[in-house]
Amino acid sequence: MNFRYDINGLRAIAVIAVVLFHFNPSWVPGGFAGVDVFFVISGFLMTGIIFRGLENNSFSLPKFYLARANRIIPALVAMCLALLIFGWFNLIPIDYRALGNEVVNAIIFVSNIIYSSKNGYFDATSHEKWLLHTWSLSVEWQFYIVYPILLLALKRFFSIETIKKLIIATTLIGFSYSVFATIYQPDSAYYLLASRAWEMLFGGIAYLYPWSFKESQKKLLELSGLALIFISYAFISSDTPWPGHFALLPVIGTYLVIVANRQNSLVTNNPIFQAMGKWSYSIYLWHWPLVVFGEWNKMDNFFIIGIAASIILGCISFKFIENKQSGLVKHIFIKDKYFRGAVTVLLLGGLVHHFDGVDIRYNESQQSLYSSIKKAKEDWAYPDANLDVNGLKIRRIQNHEQTDKNILFIGASHIEQTYPYVSALNNKYNVYYLTMGGCFVTPSMNSQKEEDGDCSNIKDYMSLMDKVNFDKVVTSFYCFDCFISKNKSVREEQVEKRIREYDEFLKDIKSRSKEVFLILGEPQGDEFSPVKTARHNLKPYVPLNKVVESYSLHNHALSELKELNDVNVINPLNYLCKDGVCPTRDGNNFFYRDSNHMRPWYAKEKLSYLSPILS
């Protein structure tokens, strides 16, 4: 296949969108769709390589894998090594340990699987993952592994023409699954090959069924394709279910540009886009660590330096690493020099992770601090369920004296953290904990867990209240701004819905119990996080006005609730903050395990505002 200037220009259009989106999402709200453009391009090129070999009976699976490894691995390994060196001098042990694990996952191409089991791609914590962007490389590599094997197997039973039709059918099935998965398993759908393969297969169809057009028709196709791509960049956002059916915009757009096959286009074949296209892979590799660096260091206007550095490092990486591999020499390199390099960096990442971020880099005092951080981060005391009621998993604290007085604590992790205090001081009630971390009494506040059905423990609370008579019900008013849109109109609708749901819940539990208690948000902030405190040398307190400001949306919603009458509202800030500040630690003794969850010993000592509930 001759060099395709249009495809090279498409790479530039893709990487520019991704980079701009990551440095400032408001510039290109749908810039993440640039990855989908890359997927279609990859599918087109790989299908071409494989089918030319199959048609000539000359396809070699080992050579195909070697060529792909030679293309992807050297620049990836170089970037990972640079991060490990940077981390040695700049990252605290917990962060360095996490980086080591990310390096391992990236080099063995499973990072998409690992990230899919954690927080979503657009979550705030994504900026703590130095190699989050390697998820797409893992998807492509997994496609490269599976695709040729399946085609070789099919060739034993079917003709080339039949295989082509099977690819079309598989693309349609894959797209249908992607739409389904995006609705019911959004995080998995975003990251995993099963819901992304159709995009690469769509690119394959562009190769398998080429079109012949007049120049005027080519121009129209190209402009239509580019319009679809730019529409996706401008009008979709992180609020859009993705990939799903909306991904058809960049996918069909890329397909149209490829089949138009305009090699003299002013849009794709201009000097800037051609250069950016050649450097696109390396630019993609380097831009995300720079985004994370800017976020970690809270650097204003870092995007200017970050974007420039992404392009410069991408250019250097292309010229001195990617472009060094050509001709027959590349197979020698991958078998020898670069294979050894990949294994070496893989082992380094594994060792960094295994030895807990190598804290021997620090003096005894610092090691003591990091030991305290590790202990705090892992400190959580909430027992396994000891009672099953109609399938609901309950933690029951049973009074040793026979009593028919019962209290229900219902909610997410901020209800769970009250357990140490309640279990230590309760002597009058049977206490039932109906909880699930990340699950709230208002369904629209829940994350993917609700869609996965994991929040049924909370959602079906009525079946417990039908079985047990509760004197008191305790819940929390927290995380009202969790999983909420950045789009103003969508955000307003979400807030209104959550207020309605809270009112419905409060009305229901008031009718089923004698007393209801609503616990507002506890002190929170980065200063409470042991990791962030060490990372940024934060003060041992948070100004009270800063904490109050962080609950501005909660306070607005609270003022709008119609069912607050006869509800006992408890504000923990009145108990845990004094003299205008909320303390976060005593020396190296951290009160919280992260920015908003208390450690058990602290909860046991300080949650005196719960005593009226237990009395």
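A Cβ is built for glycine as well, from the same backbone N, Cα and C atoms used for every other residue.
Unlike curated records, TrEMBL annotations are generated automatically.
Since this is a predicted model, take the numbers as computed values, not measurements.
The domain 'Acyltransferase 3' annotation in TrEMBL covers 5-295.
Annotation comment: TrEMBL describes 7-24 (among others) as transmembrane segment.
Only residues 6 or more beyond the boundaries of the transmembrane segment (30-51), in the same chain, are considered here, and those with a CB under 8 A from a CB of the stretch are 1, 7, 10-11, 13-22, 59, 64, 67, 121, 136, 139-140, 143-144, 147-148, 151, 160, 167, 196, 199-204, 206-208, 229, 232-238, 240, 242-243, 247, 249-251, 253-255, 258, 284. The transmembrane segment annotation in TrEMBL covers 30-51 (among others).
What TrEMBL lists as transmembrane segment is 72-92 (among others). Note on the transmembrane segment (72-92): residues 99-100, 103, 106-107, 130-131, 134, 137, 140-141, 281-282, 285-286, 289, 317-318, 321-322, 324-325, 333-334, 338, 341-342, 345, 348-349, 352, 357-358, 361, 370, 373, 531, 534-535 of its chain, located 6 or more positions outside it, place their CB under 8 angstroms from a CB of the stretch.
Feature annotation from TrEMBL assigns transmembrane segment to 135-154 (among others).
Remote same-chain partners of the transmembrane segment (166-184), defined as residues 6 or more beyond its termini with a Cβ less than 8 Å from a stretch Cβ, comprise 47, 154, 158, 190, 192, 194-198, 201-202, 204-205, 208, 241-245, 247-248, 451-452. Annotation comment: TrEMBL describes 166-184 (among others) as transmembrane segment.
Outside the transmembrane segment (190-208), and at least 6 residues removed from its termini, the chain residues within Cβ reach (under 8 Å) are 36, 39-48, 51, 112-113, 115-116, 120-121, 135, 139-140, 142-143, 146-147, 164, 167-168, 170-175, 177-178, 181-182, 242-243, 247, 251-252, 254-255, 258-259. Marked as transmembrane segment by TrEMBL: 190-208 (among others).
Taken from TrEMBL, the feature transmembrane segment applies to 220-236 (among others).
When Cβ-Cβ distances below 8 Å are used as the criterion, the transmembrane segment (242-260) is approached by residues 4, 6-7, 10, 32-34, 36-37, 39-41, 44, 175, 178-179, 182-183, 186, 189-190, 195-196, 199, 202-203, 205-206, 210-211, 213, 218-219, 221-222, 224-229, 231-233, 236, 268 of the same chain, each at least six residues removed from its ends. The annotation transmembrane segment is assigned in TrEMBL to 242-260 (among others).
The transmembrane segment annotation in TrEMBL covers 272-290 (among others).
Annotated transmembrane segment per TrEMBL: 302-321 (among others), in sequence order.
Per TrEMBL, domain 'SGNH' is recorded for 402-603.
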Between the transmembrane segment (302-321) and the transmembrane segment (220-236), are there three or more C-beta pairs closer than 8 Å, counting only pairs 6 or more apart along the chain?
no
Are there residues at least 6 beyond the ends of the transmembrane segment (220-236) whose Cβ is under 8 Å from a Cβ of it, and what are they?
6, 13, 17, 28-31, 33-34, 36-37, 213, 242, 246, 249-250, 252-260, 262, 265, 267-268
Distant-in-sequence neighbours of the transmembrane segment (272-290), which means Cβ under 8 A and at least six residues beyond its ends:
5, 7-16, 18-19, 22-23, 38, 71-72, 75-76, 79, 83, 130-133, 306-307, 309-311, 313-318, 321-322
